[in-house]
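Trainee: One structure is given below, represented as structure tokens, and several questions about it will come after.
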Amino acid sequence: MGAPSLPRAWQLYLKEHRVSTFKNWPFVNGCSCTPERMAEAGFIHCPTENEPDLAQCFFCFKELEGWEPDDNPIEEHKKHSSGCAFLSVKKQFEELTLSEFLKLDKERAKNKIAKETNSKQKEFEETAAKVRQAMEQLAALE
């Protein structure tokens, strides 16, 4: 029987797992935003067809794209998401006590819920606007 594996969300606390997401990352050599430095700053690579350099913090879920070779990932992260608790962690994942880890992961879970809630709210508002417009068009026919 092999060693138990961590849930995917917890695997992302390990830098090497974050680095492994940077397949086809455009900035590899002679750049400030290499996969290693991006991972150190908490980012994972989640490219889309229109945003091949899209990176997201696994902890605060802030998405950034439009990276330039000289961008400093930690500074960009601080600039766009200064309240991210991951930026203030001074220990490696393996060095955290269970209590420290659970407290940290509770913050990550709160961030995830907030991002998902905001996304659903935006989706609801867009649908409501379309329905409202359709109702107004029907009312105009009367």
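From the backbone N, Cα and C atoms, a Cβ is placed for every residue, glycine too.
On a predicted model such as this, the values are computed, not experimentally measured, just so you know.
Pulled these from Swiss-Prot:
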BINDING   C57, C60, H77, C84  Zn(2+) binding site
MOD_RES   S20  phosphoserine
MOD_RES   K23  N6-acetyllysine
MOD_RES   T34  phosphothreonine
MOD_RES   T48  phosphothreonine
MOD_RES   K90  N6-acetyllysine
MOD_RES   K110  N6-acetyllysine
MOD_RES   K112  N6-acetyllysine
MOD_RES   K115  N6-acetyllysine
MOD_RES   T117  phosphothreonine
REPEAT    18-88  repeat 'BIR'
SITE      E126  site 'Interaction with FBXL7'
Trainee: Spatial neighbours of K112 (N6-acetyllysine) among the recorded positions C57, C60, H77, C84, K90, defined as Cα within 10 A: which are they?
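Mentor: So the list reads C60.
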Trainee: So how many other Cβ atoms are close to K112 (N6-acetyllysine), meaning within 10 Å of its Cβ?
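Mentor: Cβ-Cβ neighbours of K112 (N6-acetyllysine) within 10 Å number 15.
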Trainee: In this structure, which of the binding-site residues C57, C60, C84 has the fewest other Cβ atoms within 10 Å of its Cβ?
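Mentor: C84, out of the binding-site residues C57, C60, C84, has the fewest neighbouring Cβ atoms within 10 Å.
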Trainee: Reported in the order helix, strand, coil, what are the DSSP residue counts of the repeat 'BIR' (18-88)?
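Mentor: Tallied per class, the repeat 'BIR' (18-88) gives 20 helix, 8 strand, 43 coil.
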Trainee: By Cβ count within 10 Å, point out the most packed of the modified residues listed: T34, T48.
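Mentor: Top count of Cβ atoms within 10 Å goes to T34.
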Trainee: To which of the modified residues S20, T117 does the lowest count of other Cβ atoms within 10 Å belong?
Mentor: T117
Trainee: Cα within 10 Å of C60 (Zn(2+) binding site): which of the recorded positions S20, K110, K115, E126 qualify?
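Mentor: Near C60 (Zn(2+) binding site) by Cα: K110, K115.
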Trainee: Can you see whether DSSP assigns K115 (N6-acetyllysine) to helix, strand or coil?
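Mentor: In the DSSP reduction, K115 (N6-acetyllysine) maps to helix.
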Trainee: Work through the recorded positions one by one (K23, H77, K90, K110, K115) and point out the residue whose CB has the fewest other CB atoms within 10 angstroms.
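Mentor: Selected from the recorded positions K23, H77, K90, K110, K115 on minimum Cβ neighbours within 10 Å: K90.
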Trainee: Compute the average pLDDT of the predicted model within the repeat 'BIR' (18-88).
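Mentor: Result for the repeat 'BIR' (18-88): average pLDDT 96.
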Trainee: If you compare CA-to-CA distances from the residue listed as 'phosphoserine' to each of the binding-site residues C57, H77, C84, which comes out shortest?
Mentor: C57
Trainee: What count of other C-beta atoms do you get within 10 angstroms of the C-beta of E126 (site 'Interaction with FBXL7'), across all chains shown?
Mentor: 10
